[in-house]
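Visitor: Sharing a structure with you now.
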Amino acid sequence: MRSSLSFVGFMGSGKTSIGKRISLFFNIPFLDLDEYIEKKLKKSISDIFIEKGEEYFRNIETESLREAFSLYPKIVLSTGGGVVLREENRRILREKSKVIYLKGEFENLMKHLENKEEHEKRPLLKKGREELYNLWKKRLPLYESCADIIVEVDNKDIDEITFEIIERLRDD
């Protein structure tokens, strides 16, 4: 595999879990962008949203995205679900990596997020279901616009998804 990989998709699609497995398989460093931001600011994403607002977070996210690609010559990067909202971020992802979009239907993604622990980690889950659906719908074309590879995650377990990605990367 010649380039870095970035995983995009809505929350609950498996970006971090699958990214870690792909990282191990190809022996390339893994970085979760949200975790990187939390360590950098010494605050949870939820607290950053509450204390500073989404615009502040999105600025830090763009800055951190640039840093991630400059820190590692080759990386497997798991992004936050909203990273694609900024054209600049989509451009950085496309220029610096092969982008894999983990695509899932809204109801299936929500099933992955039903436990309380997820609600505490993800500030957007505090929004109503209709608002989340609208976010998902708004982001779909943005994910697709920057994706080199689109992988359907519905009705597949993590092993099936990981294997499919490895096969598709080998074919590249």
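The first residue you see is number 1, and the count goes up from there.
Note: Cβ is positioned from N, Cα and C throughout, glycine not excepted.
It should be emphasised that the depicted structure is a prediction, and the values quoted were computed from it without experimental measurement.
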Visitor: Asp34, Arg58, Gly81 show up in Swiss-Prot as binding substrate; which entry in Arg129, Arg139, Arg168 does that record put in the same site?
Guide: Arg139
Visitor: Suppose the substrate site is Asp34, Arg58, Gly81, Arg139. Which further residues of the same chain have a Cβ inside 8 angstroms of that site's Cβ centroid?
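Guide: Going along the sequence, the neighbours appear as Met11, Glu61, Thr79, Gly80, Gly82, Val83, Val84, Leu85.
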Visitor: Which of these binding-site residues is closest to Arg139 (substrate binding site) if you go by CA atoms: Ser13, Gly14, Lys15, Thr16?
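Guide: Considering only the listed binding-site residues, the nearest one is Ser13.
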Visitor: Quick one: which of these binding-site residues, Asp34, Arg58, Gly81, have their CA within 10 A of Ser13 (ATP binding site)?
Guide: Gly81
Visitor: Using DSSP with the three-state reduction, classify Thr16 (ATP binding site) as helix, strand or coil.
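Guide: Reduced to three states, the DSSP call for Thr16 (ATP binding site) is helix.
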Visitor: Compare the Cα of Lys15 (ATP binding site) against each of the binding-site residues Asp34, Arg58, Gly81 and report the nearest.
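Guide: The answer is Gly81.
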